[in-house]
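According to TrEMBL, the feature transmembrane segment maps to 23-47, 59-84, 104-121, 184-202, 214-235, 255-275. Summarising the annotation, TrEMBL assigns domain 'Sugar phosphate transporter' to 32-295.
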Amino acid sequence: MARSPPRRSGILKMAMSGSEETFLVRAGRIFLVVCLYWFVSISLVFLNQQLLGGSQLDAPLFVTFFQCSVSVVLCWILRLWSVVCPGTIDFPSVRFDPKTSREVLPLSVVFVAMITFNNLCLKHVGVAFYTVGRSLSTVFNVLLSYVILRQPTSPRAQLCCGVIIGGFWLGVDQENVSGALSWWGVFYGVLASVCVSLNAIYTKKVLTAVDGNIWKLSYYNNINACVIFVPLLLLSSEPARLAASLPVVAAHLHWWATMVVGGLLGFAIGYVTGLQIKHTSPLTHNVSGTAKACTQTLLAVLSGSAKKSSLWWSSNLLVLGGSSAYTWVRSTEMKERDTHVLQPDKTNLGV
């Protein structure tokens, strides 16, 4: 006897159950990815602040050089793992090619400047003011995109940049009023913001040299960075400080372990950033980064038991609000441009 087809209500119930399960799995995966990004990013900032602001060793260039070295070693380990255990991870060949290294070198120079000024800013201003001190990246991205790439910016996006600049100056003023302002920290923060913008521009330019593979780019970038750091270290006063502090620092295994963990997190931040963009979108990634910065600032203030004025908090809100608004404006403009390109020309169709 032929079986009767299931009732419509049963079909709808099964379809809804399947969709709900798929949605819940996807939502859970996104939640875990975002949490992983937040954990790695916030941990890296606080750990670097501990390394750079502590009294164990005043050597920011050496700390940054060590973290780049850890990234290179990790690339070798992951490549070896992919060969020994194929199918577990997919990692490209990291055989060194001098020609590719030379092509990536301009980016590496900017990269070295970016992470050096970034760490110097963190060393002088601390985590609480770090978001404001590094807030001009969006502004310089607009300026440099126009100067280098000749890309214009809409009035709405310019207005968002104005809000960010206003929040930056209000934050500097309030930090100065509280007596905690470091002008060197502000200076390094501005330079770091410039380098972050240049890094994004040069990354697009040199990706073709590594076949668009972000892991190969990280490998060559960190190798070049290690080479560039050697003369910088020799020209600085850090070798003398390292020699004087070596007997003390060598005995502190906890400090060396923290250095290694910092290198691991520095390598991981690139992976989790790409992972978050892959599972969400660039817009969601920027929104997540803004929310992460809010949480990071709040944790820094609470852990330091510091009292901040309402204007100080307003400066953070202006910076974060302006950055979020800029992301939304640019995303909307890109969608409108894509819609306009895809829309047929009715004048040519006789409409």
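Cβ atoms are placed via backbone N, Cα and C, with glycine included.
Of the recorded ranges 23-47, 59-84, 104-121, 255-275, the transmembrane segment (214-235) has the largest number of C-beta contacts under 8 angstroms with 59-84. Beyond the ends of the transmembrane segment (184-202), by six or more residues, the same chain brings 106-107, 110-111, 113-114, 117-118, 120-121, 123-125, 129-130, 133-137, 139-141, 143-145, 148-149, 172 to within a C-beta distance below 8 angstroms of the stretch.
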